[in-house]
Amino acid sequence: MTVGRAESPELVAVLAGRRIAVLTGAGISTDSGIPDYRGPESPPSNPMTIRQFTGDPAFRQRYWARNHVGWRHMDDTLPNAGHRALAALEDAAVVTGVITQNVDLLHTKAGSRNVIDLHGSYARVICLGCGDTTSRAALAERLEALNPGFIERTEAIGGLAVAPDADAVVAETASFRYVDCARCAGMLKPDIVYFGESVPKDVVAAAYRLIDESDTLLVAGSSLTVFSGYRFVRHAAARGIPIAIVNRGDTRGDHLATVKVDGGCSELLALLADELSPLPTH
């Protein structure tokens with residue numbers, strides 16, 4: 001059943017009185033100013049693959065130059081009404097937790113406590129050699145020391161576009177100097193699951209567990225194009241629990257949905273926060 005965006009009684013009816021596991025994608029963050037790779041109005045985008053990153057020093061140089069600018073914009077981004085609604089529903093014991101395909105940390109910023117960052121976080125960096133992790137802010141200090149004035153020169157041009165993985169469009173990257181791991185001189189990479197990488201098994205297991213402990217699955221702002229998210233819809237369907245999808249445009253999981261609402265996440269999640277009654281916490 002598909003209902004128009006202005007109607008939501010069916011959505012509320014499917015979710016009312018149930019403990020809800022939530023799966024979110026890029027569509028929930030567009031109202032915070034972060035673009036969607038695959039939304040119906042998104043421009044063509046070619047996200048980086050892990051093979052490109054590890055196999056080509058020039059590609060890494062270009063990537064780190066762009067990320068050096070882009071991560072700050074991601075860090076300054078604020079959650080929107082959709083993120084805040086899910087945090088409020090968790091406080092009301094309605095939402096059991098959020099599985100997010102986003103790396104923007106906006107659920108955590110909004111106050112959600114049980115968040116599974118399926119694809120990692122823009123705010124951490126990991127060494128592919130020794131596995132050491134550090135904050136992106138600490139790496140920024142090292143990069144700034146090697147590239148004084150780079151950010152100012154880039155932002156002076158104006159019209160900066162930042163992708164969902166904190167990759168900014170920067171024209172001049174050939175002079176940028178990047179660094180290796182301070183501990184072992186290994187290759188550093190943002191702690192983000194890139195195209196061609198697998199989500200860590202323990203993270204996948206935690207997401208399955210969250211769905212198993214819930215009475216229904218709500219998908220918000222994901223086209224479910226990649227299997228890393230779609231598998232959880234299949235898992236919920238195999239368990240026989242209701243599935244509700246809120247998204248602008250079609251999704252890969254529409255045929256499995258109990259109810260699908262074509263509309264924006266901010267408005268519809270805020271509506272759910274108003275309509276769904278708190279549940280007992282025992």
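Glycine is no exception: its Cβ is also placed from the backbone N, Cα and C atoms.
Fair warning: this is a prediction, and the values are worked out from it, not measured in the lab.
What Swiss-Prot records for this protein:
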- HIS119: active site, proton acceptor (ACT_SITE)
- 25-45, 101-104, 221-223, 247-249, CYS265: NAD(+) binding site (BINDING)
- CYS127, CYS130, CYS181, CYS184: Zn(2+) binding site (BINDING)
- 1-282: domain 'Deacetylase sirtuin-type' (DOMAIN)
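On the structure: features taken from Swiss-Prot.
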residue : record                       : Cβ neighbours (10 Å)
GLY25   : NAD(+) binding site          : 27
SER29   : NAD(+) binding site          : 27
GLY33   : NAD(+) binding site          : 13
ASP104  : NAD(+) binding site          : 25
HIS119  : active site, proton acceptor : 21
CYS127  : Zn(2+) binding site          : 19
CYS130  : Zn(2+) binding site          : 12
CYS181  : Zn(2+) binding site          : 18
CYS184  : Zn(2+) binding site          : 13
ASN247  : NAD(+) binding site          : 27
Task: Local backbone state of CYS127 (Zn(2+) binding site), from DSSP in three classes - done: strand
Task: Rounded distance in angstrom between the Cα atoms of SER29 (NAD(+) binding site) and CYS181 (Zn(2+) binding site) - done: 31
TODO: Whole-number Å only: compute the distance from the Cα of GLY33 (NAD(+) binding site) to the Cα of CYS184 (Zn(2+) binding site).
DONE: 37
Task: HIS119 (active site, proton acceptor) versus binding-site residues ASP104, CYS130, ASN247 - nearest by Cα - done: ASP104
Open item on the list: If you compare CA-to-CA distances from CYS181 (Zn(2+) binding site) to each of the binding-site residues GLY25, ASP104, ASN247, which comes out shortest?
Closed with: ASP104
TODO: May I ask you to report the DSSP-based helix, strand or coil state of CYS181 (Zn(2+) binding site)?
DONE: coil
TODO: Using the centroid of the Cβ atoms of CYS127, CYS130, CYS181, CYS184 as reference, list every other same-chain residue with Cβ within 8 Å of it (recorded Zn(2+) site), in sequence order.
DONE: LEU128, GLY129, GLY131, ASP132, ASP180, ALA182, ARG183, ALA185, GLY186, LEU188
Open item on the list: Return only the integer: C-alpha distance in Å from CYS127 (Zn(2+) binding site) to ASP104 (NAD(+) binding site).
Closed with: 20
